Amino acid sequence: MFRRPVLQVFRQFVRHESEVASSLVLERSLNRVQLLGRVGQDPVMRQVEGKNPVTIFSLATNEMWRSGDSEVYQMGDVSQKTTWHRISVFRPGLRDVAYQYVKKGARIFVEGKVDYGEYMDKNNVRRQATTIIAGKKLVVHSVSGCSLEGLA
């Protein structure tokens, strides 16, 4: 009953090694990020010559923990770390929804992938940038309490 589906899944994730076909086998990988946080600035739309426009905004995620002994764990000091993420939205439908409805302070859920790139700054110095490229889903819970889900 489950034999065929199990074999299909197994074949997708296991790389078959052989001398003849080893260069022909493509193995699957996964690059997926899910973030839930607050928008740090209103989105901006940018367009580079010859390329499609992109909507860009920053997103803050927080990590909180208590310090102290395990016996009095609830009595310890609360610490918090905020991490800022650069979100880029390239998909035409989702890009426009993000530009129109995402505002500073809104609570956002973003699903996408991590991208590492390089660029030259205005002083001609090579810089590295980490960007989250929004995929198919962007859920906006605005400051006013309204919710909007954008799917592309």
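Each residue, glycine too, has its Cβ placed from N, Cα and C.
In Swiss-Prot, the annotation N6-succinyllysine falls on K122, out of K51, K122. Sequence-distant contacts (6 or more apart, same chain, Cβ under 8 Å) of S79 (phosphoserine) comprise M64, W65, R66, S67.
Across the domain 'SSB' (30-141), DSSP helix (H, G, I), strand (E, B) and coil residues number 13 helix, 65 strand, 34 coil. Neighbour counts were taken as the number of other C-beta atoms within 10 angstroms of each residue's C-beta; across the modified residues K113, K122, the minimum falls on K122. Here the C-alpha separation of K122 (N6-succinyllysine) and K113 (N6-acetyllysine) works out to 27 Å.
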